[in-house]
Amino acid sequence: MIWLTWRQFRASAATAAALLAALAAVLALTGPGMADDYAAGVAACKRRPGGCGNFYQDFYHAHMAAFFGVTVVVLLLPALLGLFWGAPLITRELETGTHRLVWNQSVTRTRWLTVKLVLVGLGATAAAGIGSLAVTWWAGPVDGSAARNIPSFPRMGPLLFDARGLVPVAYAAFAFLLGVAAGTVVRRTLPAMAVTLAVFVVVQLALPLLVRPHYAAPVRASRTISEANLDDFFVGRNGEPVQLTVQAQAPGDPDAWVLESRLVDAAGKPTGGTINVSTTSGPCAPEQNAPPGGSRSAQPPEGRSPIAACLAEINRLGYRQRLVYQPSSRYWAFQWAETGIFAVLAAGLAGFCFWTVRRRLS
């Protein structure tokens, strides 16, 4: 059975191995130089008065295409393994009738399925593991700058969390066994692939929205408005209220996953960015801050910014940024928790496959 399964699987395995080898070669050639550039750039910008904000943005934009490219590869890999390795694993034999030939040669259904699941399943998880490991190693410097960019892509956020570390391996195991399970029920390759894709996409979208935020109680914080967390600042004409937005980043933790970021008044009510402060006189008057009817970037000029006095007045009135977030210190705890969830789901699907093959297939 092992030899027969390997003969059926070796073409797919060779294709996957060649693609992963090509990816690993490209990453190995470009990764060390990029890491050196990042380390040198951070060391240099830390010695400058303006800090590293501009360097992080420039570095991120210089590598943005490659960053998204390798991230998409890791995100798609589990789904592709489920579609092209999992779904056809049983349906191909059911459509051609070759399963009866094996069963009539003193090979039990349990042994037949066990060999297939173990051999091909190990190949699927190994492929996902190699891809995730290579991309996680290569993307470290870009991930660091992406977390400090606007808009930011923090390490704990859904995009990078799903494409780094351990969880792609668990996703691959789940997707592969989902494909096999769909095949045992539908018994046709193309419909089984469609079912696999639909269910996998639903699970991948639902889990970050409904389950992952509750692995641990989130941190709740209230932050004063300053130029460090200010995104945009607008002062209208004719006494219109101040409009401002704040950056959705946790203080001192750019890799944190921000679940909620709101500007609230002294009573704790969301303001929608509208600040009821006098703009006809006082520190928030247009001539003291932004040009009339215009806006000013959150990046302060050298020395004291002219909007500092207005921000001080806004803080005096009790306006705050309210944050709810999962800190980056929980990254590996969340990785292990999600890996465990998908391992349990994969085990359940494997048990369902054995039950279906023994009881329903003929």
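From the backbone N, Cα and C atoms, a Cβ is placed for every residue, glycine too.
In TrEMBL, annotation is done automatically, which means it is predicted and not curated.
The feature signal peptide is assigned by TrEMBL to 1-35. The transmembrane segment annotation in TrEMBL covers 59-85, 117-139, 159-180, 192-211, 333-357. Residues annotated as region 'Disordered' in TrEMBL: 270-303. Annotation source TrEMBL lists compositional bias 'Polar residues' at 273-282.
Note: the compositional bias 'Polar residues' (273-282) comprises 0 helix, 2 strand, 8 coil (DSSP; helix = H, G, I, strand = E, B). Counting Cβ pairs closer than 8 Å and at least 6 residues apart in sequence, the transmembrane segment (333-357) and the transmembrane segment (159-180) reach three or more and so form a contact. Residues 235-236, 239-245, 263, 265, 288, 310, 313-314, 317, 319 of the same chain lie 6+ residues outside the compositional bias 'Polar residues' (273-282) yet bring a C-beta within less than 8 angstroms of a C-beta in it.
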